[in-house]
């Protein structure tokens with residue numbers, strides 16, 4: 001069972017609405033269903049807690065583990081409280097009955113095992129005696145065949161009985177104790193099917209310490225699954241990893257590759273038809289015959305100029321790749337994939353100190369994605385999602401897709417401002433971050449969040465370390481061609497990003513969706 005209940009937080013905040021989930025005998029609560037991917041804020045085991053109905057307030061109930069946990073809850077109505085009481089009571093009763101039955105079976109099996117072990121010791125002693133008797137007969141050289149057959153028959157019978165009893169002991173032990181060792185937690189423990197930013201790494205043989213990139217796997221059920229691989233190591237994926245990539249579409253800078261089993265779309269390194277990467281395509285004439293990755297004749301780089309790939313040129317999806325639809329419609333899926341692709345920039349700045357910023361950005365992406373997957377045919381563009389919520393009068397409701405997109409575009413403006421500072425030649429990363437923050441997010445943050453950001457600035461990397469993190473191949477940042485490559489890639493990336501953010505700004509201004517709320 002799941003639903004909203006009011007939980008007593010403290011004397012300052014009082015009763016606050018929380019989303020509760022009862023699953024597997026455990027009651028967990030979250031800020032909202034959309035925030036469930038962050039993990040529960042608290043939980044209580046129904047089998048060991050007491051359910052108390054308030055004597056005065058007919059909408060209130062208390063869940064108590066004496067001396068440990070106290071959940072003071074209120075329903076929105078008497079009928080709703082009754083439904084929760086029935087569900088909680090049933091869960092507690094089922095778990096209690098199950099535990100009682102298991103304890104009873106465990107006690108019986110323990111007793112049976114003790115009995116069998118006593119029999120085993122008896123047969124063991126008997127075996128020792130019969131072996132000694134057999135030795136005596138053999139040593140004495142007794143020729144009475146009848147006595148010899150009698151001793152041998154007894155020994156064989158005792159051995160068979162000993163082995164049979166030992167087997168019974170093992171069967172009892174397996175039935176009684178193995179399951180207890182396997183299940184330290186109840187088998188029905190809740191496995192919450194919520195949206196998570198799940199990440200997995202494929203077993204690719206490492207070449208060097210290179211930049212990590214992410215590929216997005218769209219799931220109809222729970223959003224997007226991000227698979228992290230190393231950019232330069234994509235060339236080994238066909239032979240070294242479980243993803244078999246097939247080249248299907250080639251243009252000047254990217255190729256689209258599709259895994260037929262998992263519908264994984266990869267845009268990045270250009271591959272030959274035989275599946276091998278043309279590693280020298282960056283060092284040779286782009287129009288060299290025999291290569292499948294042929295750039296157009298209008299290539300702005302000269303034949304002898306080394307073209308070094310960067311983080312932005314090897315993105316699996318980029319804002320510069322997005323083609324706007326009719327009436328400047330921004331395609332939802334491509335936009336969200338591009339947002340995911342730029343998130344690793346925050347890891348280059350500091351995976352720990354910038355974790356809250358990254359979490360907020362990813363959380364807003366997921367909220368929009370959750371809305372999108374409810375009706376992919378209708379919500380093909382971001383504008384359609386916003387207009388749908390405007391018409392339903394839920395655009396400014398907390399945790400709506402419109403609100404999530406509002407904060408998402410603010411976060412993207414911050415990243416764009418920072419990258420613009422770097423492109424314009426700012427060598428101090430702290431200064432670049434501070435300037436970008438002051439122009440974008442600072443006006444929407446209260447003094448607490450501003451203080452957190454100020455602390456994060458102190459841990460910002462040096463310009464050299466940040467640039468090194470944007471390389472695909474270790475040591476490329478020391479080459480002169482890398483700076484030109486960064487300028488080239490950002491000159492394509494940032495204007496495309498700015499254009500789409502400007503479209504969203506216009507949309508929000510027209511419908512009065514901008515908010516002055518400070519967090």
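Each residue, glycine too, has its Cβ placed from N, Cα and C.
Note: the domain 'PH' (1-93) comprises 25 helix, 44 strand, 24 coil (DSSP; helix = H, G, I, strand = E, B). Annotation comment: Swiss-Prot describes 1-93 as domain 'PH'.
Secondary structure at residue 139 (phosphothreonine), taken from DSSP and collapsed to helix, strand or coil, is helix. Spatially close to residue 139 (phosphothreonine) yet at least six residues away along the chain is no residue at all, judged by Cβ distances under 8 angstroms. The phosphothreonine annotation in Swiss-Prot covers 139 (among others).
The phosphoserine annotation in Swiss-Prot covers 145 and is backed by similarity to another entry.
Counted within 10 Å of its Cβ, the other Cβ atoms near residue 153 (phosphothreonine) come to 10, all protein chains included. Positions annotated as phosphothreonine by Swiss-Prot, on the basis of similarity to another entry: 153 (among others).
Annotation source Swiss-Prot lists region 'Disordered' at 275-302.
The annotation region 'Glycolipid transfer protein homology domain' is assigned in Swiss-Prot to 330-473.
When DSSP labels each residue, the region 'Glycolipid transfer protein homology domain' (330-473) comes out as 103 helix, 3 strand, 38 coil, counted as helix, strand and coil in that order.
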